[in-house]
Amino acid sequence: MPRLALRQYNFYYRVNGEKAEELLKEYGEDGDFLLRYSESNPQNFSISVRVAEDKILHIKVTKYESDMLSIFEDERTTPNQFGSITELAEFYMEFPEKLREKNGLFLELKKPVYVPYHLEACAEEQRRTQLYRWWHGNLPASSANKLLQTEKNGTYLLRASQHIPGALVISAKTEGQVVHLTIYQDPSTGRFNIDGDRTKFQSAWLLIDSYSKNPIVEKGEASRVLYLEEPLFNTFIEADLFVDRFEIIRRPINPRESMEKTGISEEFDRLSQEALPAEQYLSKREGRRPVNAEKNRYKNIVPFDHTRVILTDRPNTPGSDYINASYVRFENSQRTKNVTFACEKSFIATQGCLETTISDFWSMVWQENSRVIVMPTMENERKEKCARYWPAEVNKPEVHGDISLTCTIERKVQRAVSDEVKAELEQEKTNRIAKGLVPEAELNGDGISYILRTLVMKKGKDTREIRQLQYLTWPDHGCPLHPYAVLNFLEDVDREYDYFNAQPIAASLPQGPIVVHCSAGIGRTGTVLVLDALLNQVKKVGLLCPMDVYKMVKYVRTYRSGLVQTEQQYQFLYKALAFYLKNNNPYPVKSFIDGDTDAFDFPRRLRPTPNASRPSSARQVTSSRPSSSASSRTSHSRPRTGPQAEPIFERSTSSTSSSSTLLKSTKK
């Protein structure tokens, strides 16, 4: 499993040594660790690591005059020095042989201990910040610079300091440059302040809110004005906070203007806008060739050339190797350098069969050695969605090309529904009916969730077994009322997939991709495979699993255009994941927001007014130099220089209701 990314809010805690031992014994496993400030010297740090169930070791981390960090006290003889505590911890996680106890035994740092914020105040304090949509986690300064350079002046984000545990950084664009303001957290009180400003705030939100109403002014000849106007939203969230994030982004952004515009719709709109330019550079030539036109159910939905499934063992005639199907791979490679998958898996996303493509479909299944087929559609929903490509009767074989196919078992599956889910389902039905939306498939259905078929394929002397799972209650328009049945369905899909992986033949003939299709092969198909992939990440990693629905959908669309076709399907992904995480959390679920999402919305923005006057009084704060040099310190042993001279900024303290609070526009 890929190493967990270290993130400031899940490995640093504002605790003493005694509390650190308590946390590691209660919640940790051998090799788990946390970082804290040293009690004897506030300039230094300590890494507390659990060695055994009843043994906790504390490793002293010394900060030299050069600002470099090391576990060795003598700066002149130490072999490894680090520019940040994050680099230090990552180094010893990657190279455990470099760290030994006094008795000579290796001391292994495996992963940061997970402390549930539901139960521990020190964890709640650190985790609360992550709920902000403008929080960008462990983003380095160089990446913040890259993100903000293309944004307008006044755009800002909040991130974790790479060098100071517990500290945050405001990265903001002003006059075409990016500046970084460090927000320090007092280790004794937990309050926040910007360097140079004596005002301390109880939370990062209150600090940002204050500075968004009062601009920051550079002290000196340049006199640049820094406005915190427009937050740059991030879509990343960790699994244990996903439920609260869903509650925040499902609400209207501005109810007075529109009840339809939510954080989710905003994400989906941005996703659609970003997809259009990218697709101009990806070829779909093969699917658009006249010879292949009749093989496409919808003429405008064809695969990319670089990810299409190419049928082999075909005659050398134009179009003979074509099928409207695309690979979608959740695998770690150079292609996925910005995405890490803890659970690697592959799919084939394809359209519902036409009568003329059934033979091609089964040739593909055989060629790829796919053993599981997922069909989230009926054959007909007002019109044909998919031609029946499996035998109509049990134990009566059909022949498609050189493949003989027999359905040996057909079983209807119905899952029991809890009273809680029934109540939620009835409420959702009532809400939709009130809006004139009648979910016929679920409202009037017979309660059958899906059909499981066992199919036997024969080609020559070879025989293979296939499982097909056909989901029956996905409504023709929209999405299921409740994710409960879909989640159970996907559990059974994974069970069948694991069954085939466990067979002895899998060692010599590995199981191929799961085949998923609806009608067009993009809407329900995309929703199912993205949901399955994200659920498997959570099951593998746990509550610290990074969740990013936006980036996952963006990623799969590089394999097949339009996967997750509608905003409703995109919202259903959030809804299903939130339901799963809420009902599979081993700790008591505690909401940060308690229905008050405004507390986690971005602060009111200060709009610059032309020709406004400079305030008479201001507070001084400091910012780092607006360049990426400070963020490039990645070597583990190369010497580093001390901090550079930093420009001074002022903060206006006048009332925001008066134009005099706004500073004069600076000369270019």
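Glycine too: its Cβ is placed from the backbone N, Cα and C atoms.
Swiss-Prot lists 10-113 with the feature domain 'SH2 1', giving sequence analysis as the kind of evidence.
The domain 'SH2 2' annotation in Swiss-Prot covers 134-232 and rests on sequence analysis. Mapped onto DSSP classes, the domain 'SH2 2' (134-232) shows 19 helix, 35 strand, 45 coil.
As annotated by Swiss-Prot, domain 'Tyrosine-protein phosphatase' applies to 264-580.
Residues annotated as active site, phosphocysteine intermediate in Swiss-Prot: Cys518. All chains included, 27 other C-beta atoms sit within 10 angstroms of the C-beta of Cys518 (active site, phosphocysteine intermediate).
The annotation region 'Disordered' is assigned in Swiss-Prot to 603-668.
According to Swiss-Prot, the feature compositional bias 'Low complexity' maps to 616-634 (among others).
The compositional bias 'Low complexity' annotation in Swiss-Prot covers 652-668 (among others).
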Problem set entry | Helix, strand and coil totals (DSSP H, G, I; E, B; other) for the domain 'SH2 1' (10-113) | 26 helix, 31 strand, 47 coil
Seminar exercise, completed: Mean per-residue pLDDT in the domain 'SH2 2' (134-232) works out to 87
